[in-house]
Amino acid sequence: MKIRYRLLMKPKECCGRCGERRKQMKIEKLHIYGFGKFQDKMIDFHSPMHFIQGENEAGKSTIRAFIQAVLFGFPSKRENALRYEPKTGNHYGGSLTVRLENGEQATIERLAKRKAAGEVTVYTEDGKQFGEEWLQAALGNMDRGIFQGIFCFGLEGLSEIQHLKGEELNKYIYEAGMTGTKHIAQMEKNIEDDLNTLFKPKGQKPIINKDIKNLHDQRLRLREWEKQFEQYDGLVEEKEQLVQQLEACKQQKKQINNEKEHLNRKQTFLQFLNEKKNIEQHLESLGAFKDVSLENEEEWKAQHQKYEEAAQQLEEAQLTRQKLESKYQGAALNWPVLHHSQTFAALKERIPVYRKYVEDDNRVRFTIEQKQAKLTEKQERLGELYDNGLSASVTTISAEKDLQQIINKGKERKERLRLVEEQWQQQKEKTAFSQTDFDKMKESKRPQEEREKSEDIIFHYEENPRSAAFWANPIIILQLSTSIFFTLGIWEMITGHWLMGMITFGAGVAAAVLWYIQHQQGRKEPKDSSVYSKHKALVEEDQRLDALIRECEWQLERERNAEQSLKHTLEEETARWESLQTELRNWSTTYNFPLTPSMSSAESFFQTVKEWKELVHDIKNAEKEKAGISEKMEDIQTDMMRLSEQVNVSFGGVEETLPVLQNVFEKEEQRDIAFRQTEKNWSDIVQQINYYETISQRAEQAIHQLYQRTGTAGKDAFFQALQQKKKYADWENKLEWLQHQLQAHLSKEESVDGWMEEIKNDSQTPEDELQMKEEEAAAVDQTEQELNRKLAEIDQKQKQIEDGGTYAEELQGFEEYRQIFQENTHKWLVLKTAKKILRQAKSVYEKERQPEVIQQASSYFSYITQSNYTRLFAPVGEEKFIVEDKQGQWFSPVELSRGTAEQLYLSLRLALAENYSHNQTLPLIMDDPFVNFDHERQELAFQLLQTICSHRQIVYFTCDSLPREVQTSGMIHPLV
C-alpha cells in the first residue's frame, strides 16, 4: 500500500511542465450575503479536505452554485440555469476568500447590480482593489463550462454510465479523459449530421444539391431573355442623361434656397436693428434716472417698518412704567438673616460631606471591629508562641525568601533521608536473606569423613590400569566451573562491574568448551563400576555445593558492604537534616521570630505572623482615620451651632437644625428676590423706552437721507423716481436680450458690422430680392417636373421590356436562389472548418496532453482497483481506451463491470484535473460521486482523495454519513 502511495504522489511532485512543486489555490472562507435560501451564511475551510454534509434540500447544490457564481458570474435570465435570487430582498451575492499560489490572500466579492452577471470587486491584502480583469487573469480566462467539466463534478457523470452501452459507453469514457464531459462527441455528431443535411457529392435530397440544380435551370431561362435587351440598353443610356440633367436642376434649386435663406436672415437682422434703435431712444429719454438705485425702495420700507414698530413698542413700555410706579414700594427685610445667607449656603454644601463623614465613621468603626476579631483569631492560632515581642519580628521579602529557601532545602533533604532510610531497610532485608541461604547451604554439606571416604574410593578406582587418569575426564568440575563463572559474570555486569563481568564470563565460556571436549571423549570410555559412579557423583555434588557456598559467601559479603554503605549515607543525611534545623533556628534568631515547633509548620507560622502584623498596622491606620473624621465632624457641628445663635434658632444637632435654618433663609431670600425683581422690571422698562425712542429717531434720519440721495423732497417724489428707474431697467433688459438675439443670429464667419455694411450697400430691399428668387425657383421646379416626366416615360418603356414576359420574376428568382445557395454554402464551409479544427484539436490533445492524463489515470485506476488493473492506454488512431489487468489481458470499458467502469471514469476525471495547464491549482468540488460505491471502493476512493488533497484542496458535498476513517482526514461542516 505504501508503494502505491509513492507511485500516486510521483506525478504530483511537479507543476505541469515547469518542474517545480506548486502551491495550491485554496478557498479559505465563504460568506453568502444572500443566495437562495442562505442569508449571511459563513463557512471556513481550514482543512485541505472539507466535507459539507447535509440532507436533501439542506443547501448543498446552492453552495456549489454560489462558488461558481462568485467566480464566473450569476446566470443570465436567458440561460437555462437557476439564479438563486434571495426571496427576502437582501443583497444578492457574497464573497470568497482565497489563498493564491504565491501566498497572497484575496477576497472576491460579487454583487448583483447593473450587469446580469453581477459586478465583482477583488480586495487584496495590501488594500488594493481590482475588477473582473484581475479575476479572469487569476482563473486563466477559464469559463464556467471548463470549470464544471474539469474541476466540478458529481454523481450525474457516474450515473450516466448506468444508461450507456456498447460504443456509446466507450466514447463517453474517452471524452471524460479529454474534457470531462460528453460535449465533444455530441458536437462531432451534430456537425456531421448538419454537413450531410446540407451536401453530399452524389446526393439529390441535400439542400445544396437542390440549390445547384435550381440555379442551373434558372440560368438557362435567363439567357433566353438577354437577346431582347438591345433596345433596353439605349433606354438605359438616355435615362442616364436625364438623371444627370435632373441632378443639375437639384443643385440649382439648392443654391436658390440658400440665397433665399440668406435674404430671410437679412430681413430679420434689419428688424432687429430698427428695434434696437427704438430702445436706445427710450433709454436716452430716461437717462436722468439711470443712477437711481432700486435698493432704496427696500431700504425705505425697512426703515419705515422699524419706525412704526418702535413707536408701538414705545407706547406699550410707557403704559407698563406707569403701572410699576404705582406699585413701587420698599419692603421690610431681615438684614441679619440675609447677611449670613452665604455662610448658610456654604454650610449647606458641607452637609453631604458631613453625612459622608458619618458613614465613613461607621464604616471605619466596623472595619476596626472586624480586624480586631481577626487579630484575636490570629493570636489564638499562634497560641503559646504569641507574645508581645512578635511586633519586632521581621516579615520582609528578604526574610520570607530566606525562609522559603530553608523550607525547600528541608523538603529535599527530608525526602532524601526517607529514601535512604527505605533503601537501608531493604538492604538489611536482602543481607538477612543472603545469610539465611548461606546457613542452609552449610548445613546441607556432608560430614568430612564421608567426603574423604568417597574420595578414597574414587582415587583407588582410578588408579586401576583399566581406567584413564583422573584428570582425563573432569566433567563435573568443568560443569561446576561453567555454572559458577557464568553466574558470577552475569552478576558483575548487572551490578555495574563490566570489566570483571566480561573476564568472568569469558572464563565460563572457556570452561564450557573444555567440558564439551571432555564430554565427547568420555562418551567413548565405558563405565564399569556403579560404586565408582555413585561416589563420583557424590564428590561432584560436594564440589558443586562447595562452589555455591563460596559464591553465596561472596554475595553475602557484598550485601553486608552495601548495607554498611547505606548506613553511612543515612548517618550523613541525618547530620545534614540536623544542620538544616540549626539553620532554621539561626534564621529565627536573625529575624526576631520565636522558635518554630517544626520545619513543616515554619511557612504557615511565618504567614500567620505576617498577617498578624498587617492586621495590627491596619487597625492603627483605621484608628487614625477615625480620629481625623471625628475632628472634621466636630468642625461642622461647631459652625452649625454658631450660625444658629446668630439667626436666633435653637441648635439640636446638625440633621435636626438644618431644616429649620433652611426654612428661615428660604423665606427671607424669597422676600429679597421679590423686591429685587420689582426693581429690575422698572429699570428694564426705562431702558426699553430709551431704546425705542432711539430706534424711531434713527429710522426718521435714515428715511430723510434716502430722500436726499435720490434728490426728492418727499415720499411721493421718491416713489415716482423709483418708478422711472424701473422703466429704464426694463428697456435695458430688452436691449440686452436683443443683443443676445443678434449674436445668436450670426454664424462663426459673420459679424454685426458686416451685415450692416451689406444692408447699407443694397440697392433693393430684402423683400424685392426675395420676390425675384421665388420666380427663379418656380422656373427651376417647372424644368425638374419636365425631366421627371421624361424619366417616367423611359422607366415605363423599360418596365414593358422587363415585364414583357417573366424575365423580372426569373431574374428575381435567380438572385434569391443564388443568395440561398451562398448562405447554405457558407454554413457548409463553416461546419467543414469546425469539423477540421475539432479533429486537429483532438489530434494535438492525443499527441501532447493525453499521454500525461493516461499515465496519471492509469496510476489512479491501479490504486483504487488494488492493482487488479495495472495499465490504461489509448490505441493510436482509435478514440477509445484499453484496460490491461494484472494477468496481461486487455478489456474495453464496455467489457468492465459497472462499478469498475465508474472507477475508470473517476480516475480519468481526477487525472484530467491534475494535468490541466493553469496558473493556479484550483480546488476540486465534488458532489457525492461515491454514493453508489460499495464500502471497499468508497474506502479506496477516499484514500486516493487524501493523497490528492496534499497539493489540491477538495470540497466534498454529501448527504450520507462518512466512514469513520475518513472523518478524521478532513473537516466536516454540517448543514441543517
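Cβ from N, Cα, C; glycine included.
Database features (TrEMBL):
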COILED    222-266  coiled coil
COILED    297-334  coiled coil
COILED    619-646  coiled coil
COILED    728-800  coiled coil
DOMAIN    25-226  domain 'YhaN AAA'
REGION    428-453  region 'Disordered'
TRANSMEM  470-491  transmembrane segment
TRANSMEM  497-517  transmembrane segment
Residue numbers, six or more beyond the limits of the region 'Disordered' (428-453), whose CB comes under 8 Å of its CB atoms: 538-539, 542, 545-546, 548-549, 552-553, 555-556, 559-560, 562-563
Close approaches to the coiled coil (222-266) from elsewhere in its chain (Cβ under 8 angstroms; 6 or more beyond its ends): 745, 755, 758-759, 766, 769-770, 773-774, 776-777, 780-781, 783-784, 787-788, 790-791, 794-795, 797-798, 801-802, 804-805, 807, 810-811, 814
Same-chain residues at least 6 beyond the ends of the coiled coil (619-646) whose Cβ lies under 8 Å from its Cβ atoms: 336, 340, 343-344, 347, 350-351, 353-354, 357-358, 360-361, 364-365, 367-368, 371-372, 375, 654, 657-658, 661
For the region 'Disordered' (428-453), residues assigned helix / strand / coil by DSSP: 22 helix, 0 strand, 4 coil
Arithmetic mean of per-residue pLDDT over the coiled coil (297-334): 71
